[in-house]
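As written in Swiss-Prot, here are the features:
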type	residues	note
BINDING	Ala18, Met19, Ser20, Gly21, Gly22, Val23, Asp24, Ser25, Met44, Gly137	ATP binding site
ACT_SITE	Cys113	active site, nucleophile
DISULFID	Cys113-Cys210	disulfide bond
SITE	His138	site 'Interaction with tRNA'
ACT_SITE	Cys210	active site, cysteine persulfide intermediate
SITE	Gln353	site 'Interaction with tRNA'
Amino acid sequence: MSQTPLSPPPVGGRVVVAMSGGVDSSVTAALLKEQGHDVVGLTMRLYDHGKPLGPGARTCCAGQDIHDARRVADRLGIAHYVLDYESRFREDVIEPFAASYGRGETPIPCVLCNQTVKFRDLLAAALDLGGTALATGHYVRRLDGPEGPRLYRAVDPGRDQSYFLFATTKGQLGRLLFPLGAMASKDETRAIARRLGLAVGDKPDSQDICFVPDGDYAKVVERLRPGVVEAGEIVDLDGTVLGHHPGLIHFTVGQRRGVGIGGSAEPLYVIALDTATHRLVVGPHAALARREIAVSGLNWLGEGEGPASAGTRARIKIRHASPPFPGQIFPGAAAGEARVVLDEPAHGVAPGQAAVFYGLDDNDARVLGGGWIGASR
């Protein structure tokens, strides 16, 4: 089915840019300014780490990043505002992150952040400022289809962030711009930053979870959920105790390295995290095989209101870095649920991660939606 890039807002119209202080959002603002738009920058203050973060910190929306965003805005000659979203970020992202670990899941806080404080709250703020659209530095594409805007993977597969935006609604897509989705590579983005004299042109990409700058997420979870990081037994599929672990939070389904069990005739993988007994269940790779996946929190971006009752063919990603698996998506037993049946078993299906659906046309580039992974078999 044909699709074309959506027409940009009228030249001179106001576009609000979510500026994190990194090169991607900075170039986004610069490109829109070059195109003649009335650009306004918004930066979210999400988390107070108790001390300013230096230039080497690889997070986003922290002290140094806010400073960098303001410098870029000054360079571009655009208005720039900082919004204090710390309380709502804690409520909508950090607390659910900790609760998810307490349930033995492997959460993705970036999806929650996009779903709530960015595309709900920040978009509302952009509209309040008279903006016609909110632009971000995400590497995804928004194209026009017969029924309205669609979400597509970025041109550069190595930079594609569509997995993290599966929860973006159809209504939100109509108000969002992603100018970097058509970039051939990150090098092209950095080259634009240097051409425009932006100080962040060589700034490293953010790597850490923004509210865990030192990488010690267990400490954050323990502070929010005292007692959740509890040591326990490592057992095989028959319940035989093989060793002990420092806390389930340190493990995810499918993990092999760092389990701490040696001397086995074959490699052992994390099969399940039993939060009731604090047991870490390990087994052979074959025990990870799953074909059916229960999905909750379904967001549907394909045609109609959801997957077809007879099943919708798609390719399904169960982790950001995993290849998509062919299969079918069926409606679930309740609203907001779906059932995924893969053609062949996948390994490492972890509760708390997302199952994101891609269409079979256009080189699997169109995002049909997604949801949160629950039980699998």
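The first residue you see is number 1, and the count goes up from there.
Just so you know, glycine gets a Cβ as well, placed from its N, Cα and C.
Calculated from their C-alpha atoms, the gap between Ala18 (ATP binding site) and Gln353 (site 'Interaction with tRNA') amounts to 25 Å. In this structure, the C-alpha atom of Met44 (ATP binding site) lies 11 angstrom from that of Cys113 (active site, nucleophile). Summarising the environment of Ala18 (ATP binding site), the number of other Cβ atoms within 10 Å of its Cβ, over all protein chains shown, is 26. Using CA atoms as reference points, the recorded positions Ser20, Gly22, Cys210 were checked against the residue listed as 'active site, nucleophile', and the closest is Cys210. Cα-Cα distances to Asp24 (ATP binding site) place His138 within 10 Å, out of the recorded positions His138, Cys210, Gln353. Largest Cα to Cα distance within the recorded ATP binders Ala18, Met19, Ser20, Gly21, Gly22, Val23, Asp24, Ser25, Met44, Gly137: about 16 Å as a whole number.
In the shown protein chains, 26 other C-beta atoms lie within 10 A of the C-beta of Ser20 (ATP binding site).
According to DSSP, Gln353 (site 'Interaction with tRNA') is assigned to coil rather than to any helix or strand. Asp24 (ATP binding site) falls within a helical segment according to DSSP. DSSP classifies His138 (site 'Interaction with tRNA') as coil under the three-state reduction.
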